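*Asks:* Please find one structure pasted underneath; my questions will follow.
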Amino acid sequence: MTGNDILLWDETLFKDLSVLEPDYLPEYFPHRDSQLNALRFALRPSLRGMRPLNCLLVGPPGTGKTSAVMKVFREVEVHAPGVVAVKVNCQIDSTRFAVISRIYRQLFGISPPNSGIAFRKLFETVVNFLVSSEKVLIVALDDLNYLCCEGHANEVMYSLLRAHEQYPGAKIGVIGIVNDASDLYCLDSRVNSVFLPEEISFLRYGEAEILDILKDRVKYGFYPKVISDDVLELVVSYVEKTGDLRVGIDLLRRSGFNAERRGSRTISSGDVEKAYEASKLLHLCRGISLLSDSEKQLLELIAKADDVKAGELYKSFHELTQLGYTRFYGMVNRLQTLNYVDADFTGKGKRGRTRIIKAKYEAEDILNCLKKG
């Protein structure tokens, strides 16, 4: 390393570190035009003071669902002062009271009383304000399946979707965000009959799309010539392995720190590999933590069994959970979609083709993540 290659103590590789933060919302949002336009169309009635169409955004983690909602919400805030758009993280706000409290805070700028107020009174305050001020409310329920896990999905959805029946003039639309439509198995007929969402699919990004998006982050996040095309291709390969674009953005950030720690003006492949080794379990564990208890139990059985036939796996799973084959089949497909398992048909079983299921990660890594919750 020559003198010109050495990064001085008061210098940095980052032109704008915020571009590489997980909550950064880029102006340029490539490869999601059809999804953005579908979402805009569904919300268009709210710009005219009408109740919008309900939506369900479906796709694996790291495919831009939440970012798409936040981008359109930002547009709504600029062009439609009569619309209130609220995003609720259902991992955090997982009860009916917590969801309405989040909406209350956005409407009034303060938190509701911690105790001594009933849900009905709180909800009435929110809806009466919307009616009297002639505002339309759009609620995005991010990770809506967590309300299912906690047993509150139906009461939350029913309260929001049927508010206009009890409070004439109330105009509320709901956007559900989930990894898989089967996550909403808990919704009953009362809710489904009024939810009737426009489903918007977010497929995994392809290799070229991942490269395009990461190039844009590199352009605005780093100074020129900090990362070469070859090193960026290595980052892309790790993103393809995990299926989560957020992994790539985090790797760029961590790799930059590694290069700075070495005092280098450029990011090396070693910086990327070191960053991935340090963070790979963080991303795996984060993803596993989002699974339902039953999905975690199934994944544990798969990890411990190595390669296992679907019939044998179902027998063990049913003994453990008492759940039926339909739920089991859906969970296997979901774990495959999330890139945790391979579940391919192979060979011949007693009654035709059989499915061999195996984990895509080291069993030890999966089990360690499951222990962490």
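Residue numbers in this text run from 1 along the chain shown.
Here the Cβ of each residue, glycine as well, is placed from N, Cα and C on the backbone.
Copied straight from Swiss-Prot:
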type    : residues                                          : note
BINDING : THR63, GLY64, LYS65, THR66, SER67, TYR205, ARG217 : ATP binding site
*Asks:* Using a 10 Å radius around each Cβ and all protein chains in view, which of these binding-site residues has the most neighbours: THR63, THR66, SER67?
*Replies:* THR63
*Asks:* Which is it, of LYS65, ARG217: the one of these binding-site residues whose Cβ has the most other Cβ atoms within 10 Å?
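*Replies:* Buried the deepest by this measure is LYS65.
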*Asks:* Around TYR205 (ATP binding site), how many other C-beta atoms are within 10 angstroms of its C-beta?
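*Replies:* Other Cβ atoms within 10 Å of TYR205 (ATP binding site): 26.
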*Asks:* For GLY64 (ATP binding site), what residues in its own chain, 6 or more apart in sequence, show a Cβ-Cβ distance under 8 Å?
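*Replies:* In sequence order, PHE29, ARG32, GLN35, PHE202, LEU245 meet the Cβ cut-off.
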*Asks:* When DSSP states are folded down to helix, strand and coil, where does TYR205 (ATP binding site) land?
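*Replies:* DSSP assigns TYR205 (ATP binding site) to coil.
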